[in-house]
């Protein structure tokens, strides 16, 4: 095979590199690249564009690293070692991590709602106790005290409703603006989503290695990964922008967003189960 430097001089590399980027982008549109999980994750945490980019890049980095590890590992371990033989094991590992992530998302949302309800219950109890003490120390006549009590109760009820609404809105904002999800958790989820190898990229790299054209193979794999990153980042950013726009234009979005993490965690869990079953069946063959 022609050396990469020669291809550069001939101008052929400028055809290979864009082609590899385009193939990577198209490859990212194929099923099985965690696009559904990434979109569900971004929607669940109401992630920002920065977090969406981070998620897509993390998935691409792990995807590229797996290609290199399998290619070189396969050459060291056995000539019969292929991407097809390693894929079921990686699917099984990814399934375990993905299901764990789905469970964590579900538990985090459920715990947050319980804590909020308990805090509101304690606030209501303390408010009623304070109201009782206020009545006890009144020095007015009975009729006036009764009227004052009625008016005060009505005002407190309105104040409580306003406080309840504000607390609920702040809780939704706190839970779904991404602040509770650390960058490390986003990176971990992205790295997990990119563990499934691409047999085509591994095959190209192996051919280039065997033909002693490592630089060319590395360049093609990196270009392929750039195209894949463009697709995954676009999916994540699209989900993030959609959430932000819907939240601005639809007042009822917060009500829906309160339940979104449950649906997202369920969807992610189902994808993880599917990957686990598929990987297990591949191992048993």
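Glycine is no exception: its Cβ is also placed from the backbone N, Cα and C atoms.
Relative to the membrane, residue 49 and residue 184 are annotated in Swiss-Prot as lying on a common side. Matching 57-77, 120-140 against Swiss-Prot, the residues noted as transmembrane segment span 57-77. The topological domain 'Periplasmic' (207-220) scores a mean pLDDT of 69 in the predicted structure.
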